[in-house]
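Data first, discussion second: the structure below is written as structure tokens.
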Amino acid sequence: MNTATQAPKDSADSATERFRYGFLKGNPQLTKNGELKHLLSIEGLPKAIVNHILDTADQFVSVTDREVKKVPLLRGKSVFNLFFENSTRTRTTFEIAATRLSADVLNLNINASSTSKGESLLDTINNLSAMHADMFVVRHASSGAPYLIAQHCAPHVHVINAGDGRHAHPTQGLLDMYTIRHYKKDFTKLRVAIVGDILHSRVARSDIHALTTLGVPEVRAIGPRTLLPGGLEQMGVRVFHNLDEGLKDVDVIIMLRLQNERMSGALLPSAQEYFKSWGLTPERLALAAPDAIVMHPGPMNRGVEIDSQVADGPQSVILNQVTFGIAVRMAVMGIVAGNHD
């Protein structure tokens, strides 16, 4: 990324450091009055704001069932989707969410944009701001890119982090919380297991911060030693290096894919060997609570981290996560658009 002020490079060590101590000091996503102006990370968000987002999403779920699937909340506003990394579910659901809020949505073709010709990220943002953008939805391979944009964009512009490097994916974390609340109601009595490549997963980071904020008494991280970051125990997370032990009696299972594109070297054996030790099969699912739900942020790698019988089975709520994601992203966009310094 070519910027006058560079976002930090990712590494296993820097990912662990951010996991333990946060990305930036302070909370630049809140207004002086403590309202949500940007959504950059779940870390540091007050519980009241998290619950407000989930409660607002409740109001938007029914929009999907209407004959006219629109509300006028963002009418006249321009939302720019800036996806510097490939995405299917996240970009599409953000586009649907903004459209259902009656916003004008523009998807920047990164490969054909001036950033591919050497223009800095901040120059690109300044030019788009001059076109009277009201909101930037940003996905970037560099951790911190959305923070950088939020610090330098025009005062009226709102920034939503759609995933930055290994750091955070706050709307995925929020839609995961919405899904859990929909099926389990009470966070304060749950055991939640996050399984797989947690070291490289921005979703895991956002989920852990959200779960602890909402009062989940037991969060488990399950995976090979090479794929677990340091600092988990200091966050109150129980660490397991054996899948069978970690799944015992859990109420929610969040499976993660291997983030091969973020790995700097060969950390694991073959996909078949990984599935043998860490894949969620019907037999392993039976170790969890009888009414446990299975979640996955996608994309899934069947036969690697999850068996098709589980992914398509009655305890899977994976497709519901996608559906709920639209309402949650509508809620986030609607809330931030109404808050200014």
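Cβ from N, Cα, C; glycine included.
Pulled from Swiss-Prot:
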type	residues	note
BINDING	ARG89, THR90, ARG139, HIS169, GLN172, GLY298, PRO299	carbamoyl phosphate binding site
BINDING	LYS117, ARG202, ARG257	L-aspartate binding site
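Swiss-Prot feature annotations superimposed on the structure.
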| residue | record | Cβ contacts under 8 Å, 6 or more apart |
| --- | --- | --- |
| ARG89 | carbamoyl phosphate binding site | GLY298, PRO299, VAL322, GLY325 |
| THR90 | carbamoyl phosphate binding site | PHE83, ARG139, ALA162, GLY163, HIS169, THR171, GLN172, GLY325 |
| ARG202 | L-aspartate binding site | GLY163, ASP164, GLY165, ARG166, HIS167, ALA168, HIS169, GLN172 |
| ARG257 | L-aspartate binding site | GLY196, ASP197, HIS296, PRO299, MET300, ASN301, VAL304, GLU305 |
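Of the chain residues outside the carbamoyl phosphate site list ARG89, THR90, ARG139, HIS169, GLN172, GLY298, PRO299, SER87, THR88, ALA162, GLY163, VAL203, PRO297 have their Cβ within 8 Å of the site's Cβ mean position. Each of the binding-site residues GLY298, PRO299 was scored by how many other Cβ atoms lie within 10 Å of its Cβ, and the smallest score goes to PRO299.
DSSP gives ARG139 (carbamoyl phosphate binding site) a strand state.
Put plainly, the binding-site residues ARG139, HIS169 were compared by Cβ crowding within 10 Å, and the winner is HIS169. Over all protein chains present, the Cβ of GLN172 (carbamoyl phosphate binding site) has 25 other Cβ atoms lying within 10 Å.
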